[in-house]
Amino acid sequence: MTIASSTASSEFLKNPYSFYDTLRAVHPIYKGSFLKYPGWYVTGYEETAAILKDARFKVRTPLPESSTKYQDLSHVQNQMMLFQNQPDHRRLRTLASGAFTPRTTESYQPYIIETVHHLLDQVQGKKKMEVISDFAFPLASFVIANIIGVPEEDREQLKEWAASLIQTIDFTRSRKALTEGNIMAVQAMAYFKELIQKRKRHPQQDMISMLLKGREKDKLTEEEAASTCILLAIAGHETTVNLISNSVLCLLQHPEQLLKLRENPDLIGTAVEECLRYESPTQMTARVASEDIDICGVTIRQGEQVYLLLGAANRDPSIFTNPDVFDITRSPNPHLSFGHGHHVCLGSSLARLEAQIAINTLLQRMPSLNLADFEWRYRPLFGFRALEELPVTFE
């Protein structure tokens, strides 16, 4: 059975959840095709969690290994831990994890607070702002660039690479996006290789220098180090930007929940978790079966692709009471927005911290925050929940 490509319309982008419900009603593991991508589409929570934990389901790069047209892009993707299986994934993750331990993440808090206030200072007197370009994107950019070790004068370039390369891993990628991504991959790889050479000569307190310390011991190649930086730049931008902007929209669309958070800012932790569940920044992740696997009443054959719809799993009524209700006091809230198992998001604690500080500070400094008279739209991406822009007003 084929899923009609018309579901990639603006209606689907605005609200994919009714589509997810339709699939789940047929079977939580549904065999079909979407935008010419055949495979198993998983909408059930238990099924999604089970597959994410099962090492027999492997990751692979979005571009076929035999692809020759976009060789540079394919080469960069092949070096990223996101598309590595064990033991290489564990090796790369261990090397990068030092920048994202709970203690290290907590140490970023003063810089995040300072940056949030600086960005809000720029718009406070204008009585309006565009949440993404004025606030969420520059915040995410400053923070991840600071962690990686990218100089301030190069951060605009980092944003451009991240915006281009994210499109190359989505279902909706076009030849134009892949061609541009191939060019950006060359530029980003060359840039980070040069920066790595500088850090070899002059180490600093950043992630590049940290990766170089562990390079010889764990046989980290220069290209793996550069690709790790590129991956974290992409993830550090997209996840955080989408989390903050989606959260602001959710709260403004649900004034009773917004009032609850204003009256009790200590609810920010559960509020961010509910925003993650309700509008997951990452809507889909993929795996491929390494052998014939019987799971949840179906047999997935070796080589078949499995698409895990995280946004659907987060609204599975067998796990979440009233799943379509936005409730910032929801607890427990075991959403899968950051994944599950070995590939759980490395920077999840950082994204949470940025969102909590950004949202609470925004609400405190702009107590009359409202949505502008504007028809907001989502970027044409299937795997990510990403607003194009979000204008707001305030007194």
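Heads up, the Cβ atoms here are built off N, Cα and C, so glycines get one too.
Here Swiss-Prot flags Arg60, Ile169, Asp170, Phe171, Thr172, Arg173, Tyr307 as substrate binding site. Per Swiss-Prot, the feature heme binding site maps to His89, Arg90, Arg91, Leu92, Arg93, Thr285, Ala286, Arg287, His343, Val344, Cys345. Annotation comment: Swiss-Prot describes Cys250-Cys275 as disulfide bond, evidence class experimental evidence.
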Which of Phe171, Tyr307, the listed binding-site residues, has fewest other Cβ atoms within 10 Å: Phe171
DSSP-derived structure type at Tyr307 (substrate binding site), helix or strand or else coil: strand
Ala286 (heme binding site) versus recorded positions Phe171, Thr172, Cys250, Cys275 - nearest by Cα: Phe171
Proximal residue to Arg93 (heme binding site) among binding-site residues Arg60, Asp170, Thr172, Arg173, Tyr307 (C-alpha distance): Arg60
Ala286 (heme binding site): secondary structure state under DSSP, collapsed to three categories: strand
Cα-to-Cα gap, Arg173 (substrate binding site) vs His343 (heme binding site), nearest whole Å: 23
Residue, out of the recorded positions Cys250, Cys275, Ala286, Cys345, whose Cβ gathers the largest set of other Cβ atoms within 10 Å: Cys275
Among the substrate-binding set Arg60, Ile169, Asp170, Phe171, Thr172, Arg173, Tyr307, as the record gives it, the longest Cα-Cα distance in Å: 18
Winner by Cβ contact number (other Cβ atoms within 10 Å) across the binding-site residues Arg60, Arg91, Ile169: Ile169
